[in-house]
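Taken from TrEMBL, the feature domain 'Cation/H+ exchanger transmembrane' covers 32-441. Taken from TrEMBL, the feature transmembrane segment covers 20-41, 53-73, 85-102, 114-137, 219-241, 261-286, 306-324, 344-365, 385-403, 415-435.
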Amino acid sequence: MATSTLLSLPASDLPTTVATASVVVSITVFVALLCACLVIGHLLEGSRWANESIASLLLGLCAGLVMLLVTKWKRSRILTFDEELFFIYLLPPIIFNAGFQVKKKQFFRNFSTILLFGVLGTLISFCIISTGSYFLFKQIGITSLKIQQYLATGAIFSATDSVCTLQVLNQDETPLLYSLVFGEGVANDATSIVLFNAVQSLNLSHVKAMTAIKLFGTFLYLFFTSTALGVMIGLLSAYIIKKLYFGRHSTNREVAIMLLLAYLSYMIAELLSLSGILTIFFCGIIMSHYTWHNVTERSRITTRHAFAAMSFISETFIFLYVGMDALDIDKWKRSDASVGTTVAASGTLFALVMVGRAIFVFSLANFANFFRHASDAKIDLRQQFVIWWAGLMRGSVTIALSYNQFSTSSSKEGAFMITNSIVVVLFSTVVFGSVTKPLIKAALCHNWTSTNGEDAHLSSLEDINILFPDNCRTSGNDTSHANPRSSLGMLIMHPTSTIHYLWRRFDDRHMRPLFGGRGFVPLLSSSTLTSSEGADGV
């Protein structure tokens, strides 16, 4: 990516000393607004109708209105947004913390369903939004967009806002729903960005029958190579820290090397034109499974809170800015669209989002239920409704991709698409976000604290061993000699649990001796390090 000034004032022609002072004042005001968002979010803790994302958006709208009044309706933003700011500085800590903090047992136990929703579902939504906008926008009177821009629109509005959604779900009360919505949100964001990059790299001047196959092939290449890169760098960090024992001299070095290697994975992926979001997400998962257990106890506490705080600040920054940017007078003037046209276009986009999501959620959930043998493991209709509704909100990734696609265009169509993106994000976050929590409780009724399927089914490694009675009878507690016929049968009958069992056995035998992980104790003089070896792992 080309480097540029990511935060600047709109008035770039001021003298150097004045501009520098203005930037300092602007950043000071923005940081003060961030602090206000944290305080308001704390006061709204436990509220049924509001959360921190909504509070940040509304505070951004109020700040933008005040800025308009102060500047006599010239500008509403304190700082100028550059999409590089989002993709280089704000997105990496959000996604890395998502991978680092994820409950891995829940995530990988529902991994097949998560991939169905997050990858195949996003592809279905992408096709519906792209095709629908291509035909319906012409009925509104928008005829100047090109095919590539319609495809980009499909990728942009396929990205859900998992940040706002997860603020209304609790992983202790609804572990299955939380796992599915969280996992789908991360996979969805990654798939949307990979699709967006694939669309950008296609030459659509000569559309052929092989274009769709080429797009799908590009998507698969970016998906798997990005994932492999994240796993490799995560394992590298575990091996380095395990062998060098940074904690003997300084816990600061342990935290710094984890942070820098995670960020390095993202930047290498971007340098190689891969998906940085996938790379840093899986790097976070590997680090939490291996690297985190190789550091000292103080470093473990520090990394958990530091990564979460960085992610939280980035999320608040994004929503606050989007609220201010919604009142950008220049953008609305440049779009040169009537209120009716804007409402029609925004309504069309959001209707396509709702239809596309409904089609893939209800169909894929019932498809997944076909392979879930336990009755309490199936995703019932009320849970399907919650998954559909919770994923309707659009947020930071939608805004960033919209800026990336349309901000370089000085035409009114580019400004029109950005303003419509902002309208969809504001409406979905404020309106849908405010009623999501009470709606979820009303939909789930008395099953709010249900067993949630697979959480009660084969919930531990000891329960998984019951799947292999031949092993237990022939070798007692030693499961090293698996009966191939039994393993194959259990793989067919219980694929997710069997893969989890086989992975744990492979992990204990080969991976942990080399890369460390749970059970590995650094050779340090402190006797307190053994107190936290029982942390949660895959």
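Placement of Cβ uses the backbone N, Cα and C atoms for every residue, glycine included.
Owing to the predicted nature of the structure, the values given are computational and were not obtained by experimental measurement.
Proximity of distant same-chain residues to the transmembrane segment (306-324), defined by a Cβ-Cβ separation under 8 Å and at least 6 residues beyond the stretch ends, is recorded for 30, 33-34, 37-38, 41, 52-53, 56-64, 67, 76-79, 81, 86, 89-91, 93-94, 96-98, 100-101, 163, 255, 259, 395-396, 399, 422, 425-426, 429. Packing against the transmembrane segment (53-73) from elsewhere in the chain are residues 33, 36-37, 40-41, 44, 161, 163-164, 167, 315-316, 319-329, 395, 426, 429-430, 433-434: each is 6 or more residues past its ends and has a CB under 8 Å from a CB in it. Of the candidate ranges 114-137, 261-286, 344-365, 415-435, 261-286 has the most C-beta pairs within less than 8 angstroms of the transmembrane segment (85-102). Between the transmembrane segment (114-137) and the listed ranges 20-41, 261-286, 344-365, 385-403, 415-435, the one holding the most Cβ pairs under 8 Å is 344-365.
Here the transmembrane segment (385-403) touches the transmembrane segment (415-435). Their Cβ atoms form 3 or more pairs under 8 Å, with each pair 6 or more residues apart. The list of residues near the transmembrane segment (415-435) in space but at least 6 beyond its ends in sequence, with Cβ under 8 angstroms from a Cβ of it, reads 49-51, 53-54, 57-58, 142, 145, 149, 153, 156-157, 161, 164, 168, 319, 322-323, 325-326, 331-332, 334-337, 342, 345-346, 349-350, 353, 389, 392-395, 398-399, 402-403, 405-407.
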